[in-house]
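Enquirer: Encoded as structure tokens, here's the structure I'll be asking about.
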Amino acid sequence: MGGGNLHSLPPENASVSASYAVTVGNTKLSDAPVLFFVYCHKAFRAQLVELRRFATDAAEADSFSGDLAVELSRKFEFLKLVYKYHSAAEDEVIFLALDKRVKNIVSNYSLEHAGTDDLFTSIFHWLHVLEEEIGSRSDVLREVILCIGTIQSSICQHMLKEERQVFPLLIEKFSFREQASLVWQFICSVPVMVLEDFLPWMISHLSHEEKIEVENCIKDVAPNEDSLQQVISSWLLDDSQSSCGTPTEIMKGVQYVNVSKSLKKSPESHPSSGCFQRFWEWSKKSLSIPNVGRSPIHGLRLFQNAIEKDLRDIQEGLCQAKFQTLILDLDVLMARLNFLADVLVSYSNAFKKFFHPVLEEMTARRSSTAKQFNIDDCLENFQRLLYKSADDKTKTDNFLLQLQEELESLIIQVTKQFAIQRTEVFPIISKNCNHEMQKQLLYTSIHVLPLGLLKCVILWFSAHLSEEESQSILHFLSLEDSSPKKSFPRLLLQWLRFGYSGKTSVERFWKQLDVMFKVRCSCQKEHTEEASGSFSNQTQLQLCKVSKDVYPRKKDKSSTCFMSMDLAVGDMYETPYSSRMNQQMTFSGKLKPPLHLPDFFGEKNMDDPMIMDVKPIDLLFFFHKAMKMDLDYLVCGSTRLAADFRFLAEFQQRFHMIKFLYQIHSDAEDEIAFPALEAKGQLKNISHSFSIDHELETKHFDKVSFILNEMSELNMLVSTINTTAADHDRKMKYERLCLSLREICKSMHKLLSEHIQHEETELWGLFRNCFSIEEQEKIIGCMLGRISGEILQDMIPWLMESLTSDEQLAAMSLWRQATRKTMFVEWLTEWYNGHVLQEEAGEANNDPFGDSDPLEIVWKYLFEASADGEKGSMRSSLLKLPKTNFTGIMNQPPPNYKVEVGKKEEKDLERSESKKICRGSNQEGDKEQTDKMSQKVSQFGPSKKYEQLLTMSEEELVVVIKKISCDSSLDPQKKDYIKQNLLMSRWNISQRTYNLEPSSLSSNMETVHGQHPSYRDPHSLIFGCNHYKRNCKLLAPCCDKLFTCIRCHDEEADHSVDRKQITKMMCMKCLLIQPIGANCSNTSCKSSMGKYFCKICKLYDDERKIYHCPYCNLCRVGKGLGIDYFHCMKCNACMSRTLVEHVCREKCLEDNCPICHEYIFTSSSPVKALPCGHLMHSTCFQEYTCSHYTCPVCSKSLGDMQVYFKMLDALLAEEKMPDEYSNKTQVILCNDCGRKGNAPYHWLYHKCTTCGSYNSRLL
């Protein structure tokens, strides 16, 4: 109901599900551990397909209820969670490592990660509407399915791009050990509660063979520590029940605890895993268990004391760090601060997820203490300041003072929070929860920490415990039996014992932390200095170097990567974690520094290009604005099509224009703008991601074209069939096509909008800052030089329609500036004036009959087609004409304009007969009069038959107009049209008679010189001349003569004709002189004057491929700009696309040939471009090079003359100079390299000592 199956789309080149296998080649996971993330991609794809099928099946079965909406919402919650951790791992682990080796690759992918939150927000909104049963359920279901499709297309395209570009580079640039360390760092950076659900969920979507590969991969990348390996195996191999839920349970929907209805009103307190539900259910059962020993919640007091003590120690250390003697300890202090910030963030999360809802339940929401737990704002500000510590330059006295102030503020907030918890929270929990429930609460809270951070916390915490306190914690962990698996508690117990044993001192612990955070800082600094051109990249290799350089591993890559004998259990290098990854998850990217947008934006709106100094490259982003508006049009138009199929033709026409213009823009960026940007040294690879976007987005356009074609065919069928069962089926198919179209248009809107936004964010400033004004003009000129005049006639109005008046002025100013050395303004003026006149004429005419002759319409209505029942009855009463067929009149041969004209008595006779017919007199002779009139009409032609309208009196006109008004066969628009043209018929006939006067006079002499056909091939009777094949002649206004073409005129006359002044032509079939046009205006002729017609150049041709260049403002022979030619804006010349790389010389065509002195710009002869940049005719070049090898203008060599120069060397070697000249030298200037030098004396040949050329002259 309302959902329906989406219509089948055109087949792809390769299935998306198998794309990962194609993009990364035949590499196996056992050879490249980093492909673990590609297997995650496969799980995401499978999950999205499953969710889409779930929604569509429920919609088709009309079984979509509020409960199903809740279930689907929970599935998407889990998908959002694991995808965000996956994205954070790529941003903060994979991408940073890759950017260390290959610059400018990953920044765009990080931007794409940031755009996924909006996708999930939209689907959650519509699922909530569906759950609350707001509005029409069918409409909401459609929106849900559309949102799922948008999420699917966006995420899948992003993953496909990564598989095509990022992962092949990771495999190429990183060794097996380095890849393994990156995968393990990701696993150690994910909270345990998420990891326990994520790994079983992931492998549940893989085949049996792939599942085994993933299991072996994770075991290989993990350290060879028995307890840790057992934990990993328990997460992977048990597919019946994990500690935090099975994959099956997850996909059925993670059931949050139904503690009270109030929890639903506080979604921020909901965990994203099933741990919370099982904790609560277990804790309810454990209330009856008696309390034994000390309260487990006392351990949190110890934990808080350790945090406060370390914060105070660091505060004292910072006070001493401003002295130069202790500045070396600052790095260790900063590492300790980063670690404690991570601990506080995890501690705060645990309270929000577990302690907060428990406390609210116990106090029946009467306590306000729960709301005082949040110190996120303070932590966020503090961690943002810690980011500045990555650059050593910021560690000045001012920075230290600011850090001390923030730390003091943090200590105050933390102390207050801990005090509230000790006095209000812990007593309530101790009073209302038995020891077993407290143990479960603490144990479950541990799962909030990532595995790597958890180990660091246990080692750090154990160093702060006394012997009695340590024994208490050890006893707590040894008695832990709430979990169905014992491996994880045993691992925690092992880590705690190691820390308590003292094998890892506090000093060593802090040094190891210092190494982890110091590597990050140095990488960030190096990246800032070396790759400042990329906005959002920050690089690090946290573990790769450390693990490779410090700790040896087995050489066999298929074996375990770590050797337990070489690594102590307590070393943190075993379990590295990325604190940035969890910070990104916790604070949703708020800690990241803002993108390095171009300086010209300042504090103003970056969407408004008029706030800045406009530069040539901004023309691209004016185009972006127009494209974004058209994307909105596609979304709105696809929605409208479901209700109005008549809108299909307009939508299809607009879509094809958008597709065509987008393809032109994308090709220009890929082939011109992006290569120019990457040619800058430090910006290599920065645009490849956008080129992949262009390729993939083309497929979306093709899908829309495919659907629109099917809708067009279906629309014709629907419109011609009555309401039947077949018609109903077609209607349902049309609705499904509309839904598919809406989905793709929404996906395109999302993908292209983000693509454009990322281009502007990442590349706009680079184009503006890295290129000078001249270089930007060259880039824009190269892009515009590929666009033909016909496309510009569509593009310019389309672009101007989307811009404000100020933006229009700016855009056209940039356009004119980039083309200032060409004739573009002249072409624009001529085209625009004609375009406006044509539009005004069209608006004024508003012809409901199309382009038909208005007099012909009136004539046919009054005097012809009497076989028509309704119209014939009216005409019989008006004109008393019998039912005579005049349909063959317009097909008669062209009349002979030299006879039957000028005979006054016959004209008078015809007029009198017409009057009698119109007045209805002499009814008995109607047939004879009609036959006689038809004969006269066939002799006089169309222009004379209309003169019968001149004989109608005013009374007759009134009668005719009343009858027209009563004619039910005409719609109101046609009635007004016929009445208006009937009233204007006298003026129209007089004007037409005046225009035809020169060709209508009867004379044995030609009225206009040349008013006769001319033939290109007299034997085959092919019209034209030696220059062109065409069916018309041009009337030269300068001498009032007809010539076949302008070149014929210039050859015969002693002057040149101005093509702009030519306004009339003569059709060589009917010899009618008429205004310039593509076809003959004679209604009995209407012949085409030529396959090619240029209104600007007044050029007709019927055999060659010709195009009008808007920058030359001339017609050129060729297929067109962007096909086989382009226009160089500096040279102001159309050149073959093979000459993209050439020597530019300003307006080189606007000169005479140096040999024959003909003006090259308007010459029709082929032109040869010389290496020096000068031009000459090809025929002149062939003749000239028979005796010369230097340019006649600049004297440079016309080519590679090394063979000739070697011949001269051999010739001079055989010559013997007289003794008096043997030691003499001459000063020469080389014409090729332009350098001066000394050459041995010779009467003719002088060799340049620099380049070896003999093309030189004496000074």
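Glycine residues also receive a Cβ, built from the backbone N, Cα and C atoms like all the rest.
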Enquirer: Check each of the ranges 336-378, 637-679, 1153-1195 against Swiss-Prot and return the one annotated as zinc finger.
Expert: 1153-1195
Enquirer: How big is the gap, in Å, between the Cα of CYS1038 (Zn(2+) 2 binding site) and that of CYS1115 (Zn(2+) 4 binding site), rounded to a whole number?
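Expert: Spelling it out, the Cα of CYS1038 (Zn(2+) 2 binding site) and the Cα of CYS1115 (Zn(2+) 4 binding site) are 22 Å apart.
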Enquirer: I need to check the long-range neighbours of the zinc finger (1153-1195): which residues 6 or more away from its ends have a CB within less than 8 Å of a CB in the stretch?
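Expert: For the zinc finger (1153-1195), the nonlocal Cβ contacts are 1047, 1112, 1114, 1132-1133, 1135, 1139, 1142-1145, 1201, 1204, 1231, 1255, 1257.
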Enquirer: Where the distance is taken from Cα to Cα, which of the binding-site residues HIS1108, CYS1115, CYS1131, HIS1142 turns out closest to HIS1049 (Zn(2+) 2 binding site)?
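Expert: Given the candidates HIS1108, CYS1115, CYS1131, HIS1142, the nearest one is CYS1115.
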Enquirer: HIS1108 (Zn(2+) 4 binding site) has how many other Cβ neighbours within 10 Å of its own Cβ?
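Expert: Neighbour count, Cβ to Cβ under the 10 Å cut-off: 22.
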Enquirer: Could you give the Cα-Cα distance between CYS1131 (Zn(2+) 6 binding site) and CYS1115 (Zn(2+) 4 binding site), in whole Å?
Expert: 17
Enquirer: Using all protein chains in view, find how many other C-beta atoms are within 10 Å of the C-beta of CYS1038 (Zn(2+) 2 binding site).
Expert: 13
Enquirer: Which residue, out of the binding-site residues CYS1025, CYS1094, CYS1144, shows the minimum number of other Cβ atoms inside 10 Å of its Cβ in this structure?
Expert: CYS1144
Enquirer: Provide, as an integer number of angstrom, the distance between the C-alpha atoms of HIS1055 (Zn(2+) 2 binding site) and CYS1048 (Zn(2+) 1 binding site).
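Expert: Checking the Cα atoms of HIS1055 (Zn(2+) 2 binding site) and CYS1048 (Zn(2+) 1 binding site) gives a distance of 11 Å.
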Enquirer: Determine, from DSSP, whether CYS1048 (Zn(2+) 1 binding site) sits in helix, strand or coil.
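Expert: For CYS1048 (Zn(2+) 1 binding site) - judged by DSSP and reduced to three states - the answer is helix.
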Enquirer: Inside 10 Å of the Cβ of HIS1142 (Zn(2+) 6 binding site), count up the other Cβ atoms and send me the figure.
Expert: 16
Enquirer: How many of the residues that make up the zinc finger (1153-1195) does DSSP mark as helix, as strand and as coil?
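Expert: Secondary-structure composition of the zinc finger (1153-1195): 7 helix, 8 strand, 28 coil.
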